Each structure stands twice: as structure tokens, then as C-alpha cells.
Amino acid sequence: MNLLQALTKAGALRTLDHALAQSLRRLDPDTPDSVLAAAALASLAVVDGHAGFDPAEPQRLVEAPIDWPTPEAWCQALESSRWVACPQAGDAESAADAPLVFEHGLVYLRRYREYERRLAEGLRRIGSAHPHPREQADRDHAQLPAHLAELFAQLFPDAATGEDLQSRAAGTALHHNLLLVTGGPGTGKTTTITRMLVLLVAQALQAGTAPPRIALAAPTGRAAERMAESVRNAVQALTALGIDPALCAHLPTTGTTLHRLLGTIPDSSGFRHHADNPLPLDVVVVDEASMIDLPLMAKLVEAVPDGARLVLLGDPDQLPSVEAGDVLSGILEATPPIGAAHGRETHTPTDAHTPAPAGDPIHAQPGTKPTPFPARHIHLTRGWRQSAELDLAPLAAAVREGDSATALSLLRDGELSGVHFHEGNADPLQTHREHLLAHWASLAEATDPAQALANAARLRILTAVREGPQGARGLNVRIEDLLAGTRRGAGPAATANRYFHGRLLLITENSYRHRLFNGDIGICLRDGGTLMAWFPGDDPHNPRPFHPAALPAHDSAFAMTVHKAQGSEFDEVWLVLPERHNRVLSRELLYTGMTRARRELHVAGSEDVIREALSRHAGRWSGLGWRLGAPQETLR
Ligand SMILES: Nc1ncnc2c1ncn2[C@@H]1O[C@H](COP(=O)(O)OP(=O)(O)OP(=O)(O)O)[C@@H](O)[C@H]1O
């Protein structure tokens, strides 16, 4: 049995992966089996979130016992195949007639390799333009013109200590066009960026130029809404600090999704804004950057005009994007954080104003220094969001570090306020039925869709997996059956009566036509005789109604996977882990699930599964870090 047959027999491939391999075989019957299998696996890798596939570690993609070729033999077959391009340089476009690219140890579908190349090129373009050439000598706020230095001190009273990373971030942002601000929940990313925006406005007004055109964006509607709300709160706090309200008035008060920002085109994955029709903006601030996949980030970066700023905010310890990429990790690999950041690398770049000409960082001539990636990164570590109700920080830190002994002891001690461990409980829907059901049943009492959507965010079951007894799909079916039982004159089972008053829905594919996107959550409400599904719109007070039959692909959302919950927060989270280890479990998954909780966290799972999950990283295959010139030791 050859490799492709073995993969098919093991059920490892999707129809699409197999079809790709078969079409190459039809075009050239002499194509070696290992090349056909690599094509199928490169296609499969994308749905698993990878940019490409590593023939040296096929077991990471397919767990079934397969007699894999040796990496050397596989690489050799790939390099000599007519279907596989092996570009000479990371920034060279690959041959259009080869559907596969083999580069730096990864086999890519050409389209994804090109996204990666274009993204790297776009990031370098943004980062290497200097916002204010005449100020290039100014390295930090200490050298700001007096009027700005005064405002800076007002905005960042702790700056004088020299230890305050928030002021470092803002000071850096004044002089660099590509900035990454990372940190866990509540470390002040949005607060810092709001203050930085005030500085940029003041800088422009002082120079007698128009205030910068600023956009706040995020990958999902909910995340965009949360970001705008945080900015509005931060602005309020500034007004209280005595900052001139006229400056704050130039800041945006609403957020938008990346799709909306770029301008969706019905029934197309292209956008209205691109390199030839760039965004009419001077500053683009994007939150939840860890959720952005490779194609979307490439399109965003290409649409950022020359000379504009791009600020990416995110939590690098969260799960990578559901779709192909792990883009934020790749960028961070090439951009170590500036300044002291507990437990992380410290690095103060000396290249702050070295112009960074375009060029291949990897294949530079011997003796020449690779061009440093022209981005700046500040990692914020101090948690500012004090909640008397939920003391999550010590647990989140242990999970992030993969320290299962500490995580388990914190969970078992029960001393963290708001954190509850249901050890060995595989079915909270059984053990805590009344409490959980009371919440979902109450959703049917709302008559106002905006209120119903807000209430829905009070509690959520989050799962690691979709299938199986602890999977989101099975739990939703059971919850719907239970709810059908609680409704008066329930009639047919909920499963038969798919759309019922109070049903929560989760969109599972992007629909540009509806402006509904993967991960959006809505609620079915009956108004008179008509049942409509309501989803958040641009204005949180005015959700948009859809006829359920007209919706793009969707599921129920009483329980949902942690992956789908990225970018959302819920007052009470029930994190339900599978009984047995599953390869999707990782420390990033647990960390992301736990940090979705605002007031109360319940974890249901066993010691073995938690230990196993914390021993694994949710790493993805990606060549972005390498392409951006990351040092070998920082590449995952
Ligand atoms: N320097 C500061 N001084 C006082 N309070 C601060 C400071 N920085 C942030 N905060 C407060 O901490 C809270 C969280 O800040 P912010 O929303 O900016 O964090 P974040 O990192 O963007 O959080 P998330 O990732 O959850 O969106 C806010 O209430 C904010 O007012």
C-alpha cells in the first residue's frame, strides 16, 4: 500500500485533500506517491491552522500509525518534482505553474506561501517608513518637544520611574509605524493605545496638520465592540485627569470588524481596499491580533497606506487563529519585547532608526548583516483590572507557563475567589442542571433583542472539542432537549423544532453578503408570529434581524468550543474538558478558555487531562518568523 492509500485508509484526508492529489496524478501519472501525499497533507495542514506542512514531523498532523518516508527521501522527491517550486529567496514570488512550494522545510499550497510572503513584505514596508523624518533623532519621550513632553507626563504619570512599560509603548509608538502591544487580559493595552492616540492628535495639531484619521478594528464584531467600549472608558478617565477634551474628541468612539474596515464584496473573498486602493487612514489599531489568520492579515497589511501606522494589540498566550496562520506568533518571534518584562526576553534594539530596505533577510550575502525586522514590541505584564469577585491571575499564570502542579493545587485549594474546580466531573449538565438551565430558560423571557443578546453573555459552557460527550455539539443537543422540556406545551422535541424562541446561534462560516462572520452569536426571538434570528450590528443597541432560513451555516451556541469563544468574554464560564486526552488540548486552549471569564470560572475535568493539556503547546507550522528574520532560537 502506498502512502496516499495508507492516509486514505486511515481516514486522515478530506475529500478535497484527496482530490488535489488525484488531479496532480491525472496531469502527470509519473508523479511520485510521496509528492501526491505531501500535496494532500499541505492541503490538510491549512484546515488544522498551519500555513504549510513539515515532512520531518508528519505525526503532528496525522496520528494514525503510518509508515512515513524518511524526511531526506521525502525532501528529495519534493525538490525534484515539477509540481513543487523551491524559491531561491524568501521574498521572491514562486513559480505560478507549481501548485506547491517547498521552502525552509515546509511544503505549502502556493496560495498560502504567497500570503506569507506578501504579509512579510507588507509588514516591512509599513515598519520601515518613518512617521516624522525630522524627528528621527528623538528616541524617546524625554526628547519630545516641550508641549508634547508636558502632555506625555500628564498622560503617563509613572513614566519618570523608567519602569513603566505603558509609557514606553506610547513613546515608541510616536517614532515607529509598526507597533505590537501585547499582554494578558487587563494589562492596559487599550488604555495605553488610547493615550498614545491622544499624543498623536496633539502632535498633529501642534504641527498645524489635520488630526490623524484613526480606525479601531478587531477580527470579530464582539471584539470590536469591546475594544471601542474600552477606548470610550479610557477617554472618560482622561477627561477626569484634566486632559483637554478637544484632543479626545478626535478619537474614534466606535470599532469595526476587519471585514467591514476592508470593505467586503458580496460573494467574494476579496476586499474593496487593497494595495491599489488603500485605506484612507493614518493609524489602524487592531485588537485581538492573535485571532487574525494569514489571508486576512496579508490583505489588511496590503491595504495599509504608505506612511500609515499599524498597531497590533493581542495576547500571545491565547490560542492561535482558528484558520491558517499563527500570524501574531510569527511576528513576535521576529520582534522581541523592548524593556524588562518579567520572565520574557529583554531586548533594547539599537537599530531604531536604521532604514530597513526591502530585501531577503534570510539569504543575505555572506558577511552582510540580515536586515532587522522594523517593528517594535512592548509586552505589558502588570494586571490592572482588579476584580474582587474573580481572582484568576495566579491560575492563568500557572496555565500559561504549563506549571500543572501549581495549577492543580490552586484549583484544588479553592482559595481563588470566583474559581471553582469540579474535579473528575464529566457532566456538569447533569450535576448542575438547575443552575445552568435557569440561565438559558431566562433568555426566552427577554423581548428586546439587544437585552437578550446582552443577557446571553452572562453564562457560557466552553468545551475543548466539538464531538463526543464533552463536545459542544452533543451538549447543545442535550440542552435543547432540556429546554424543550421546560417550555410550556413543548410540543415536538427541540431538535425537531430547530428554531425556537431563546435559541442561541453561532455562525460557523464567513458570509460577506450577510455581514455575518464565523464566531458571531445571535438569538432567536419570536415577535408576534414571526421568529427571527438577531445578531449584533454596528450599533450594539440595534441588533440586525435575519430570517433563520436565510442564515449562513450555523450551530447552537449554548455550548461552544474555546476556539469559537476567542475575542468574547462571559460573566460565568464553565470550561468542560474531555474525559480523555485529545490532541487539541494545550495550555493555550486552557488559558484562552479560562480568561474568557469575567466573574466566575468553573473548570470540570480530571487531573490527567489537565496535566496532559498543560504539557502541550498549540504551535503551528509557519514560515513567517523565519521570513521576517527571526533568530533561529526564537523560532518555535
Ligand atoms: N496605568 C493605569 N492606571 C490605572 N488604571 C489602569 C492603567 N492601565 C489600565 N488600567 C485599568 O485597567 C483596566 C484594563 O485596562 P485595558 O482595558 O486597557 O486592558 P486591556 O489589556 O486592553 O484588556 P483586555 O485584553 O481585556 O481588552 C481598565 O479598567 C483600565 O482603566
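A Cβ is built for glycine as well, from the same backbone N, Cα and C atoms used for every other residue.
Per TrEMBL, domain 'RecBCD enzyme subunit RecD N-terminal' is recorded for 10-108. Mean model confidence of the domain 'RecBCD enzyme subunit RecD N-terminal' (10-108) amounts to 93 (pLDDT, 0 to 100 scale).
Positions annotated as ATP binding site by TrEMBL: Gly183, Gly184, Pro185, Gly186, Thr187, Gly188, Lys189, Thr190. Mapped onto three states, the DSSP output places Pro185 (ATP binding site) in coil.
The region 'Disordered' annotation in TrEMBL covers 338-374.
What TrEMBL records for 351-361 is compositional bias 'Low complexity'.
Among the features that TrEMBL reports, domain 'UvrD-like helicase C-terminal' is placed at 557-603.
Under DSSP, Thr190 (ATP binding site) is assigned to a helix (H, G or I) in the three-state scheme. Under DSSP, the residues of the domain 'RecBCD enzyme subunit RecD N-terminal' (10-108) split into helix, strand and coil as follows: 40 helix, 10 strand, 49 coil. Between the candidate binding-site residues, Gly186, Gly188, the densest Cβ environment within 10 Å is the one around Gly188. Gly184 (ATP binding site) counts 23 other C-beta atoms within 10 Å of its own C-beta, drawing on all protein chains shown. Packing around Thr187 (ATP binding site) is summarised by its Cβ count: 21 other Cβ atoms lie within 10 angstroms of its Cβ, all protein chains included. Per DSSP, the domain 'UvrD-like helicase C-terminal' (557-603) is made up of 12 helix, 17 strand, 18 coil. Apart from the site residues Gly183, Gly184, Pro185, Gly186, Thr187, Gly188, Lys189, Thr190, the chain places the Cβ of Asp315, Leu380, Gly383, Trp384, Arg385 no farther than 8 Å from the centroid of the site's Cβ atoms, the recorded ATP location.
All protein chains shown were included, and the count of other CB atoms within 10 Å of the CB of Pro185 (ATP binding site) stands at 18. The number of other CB atoms found within 10 A of the CB of Gly183 (ATP binding site), across every protein chain shown, is 26.
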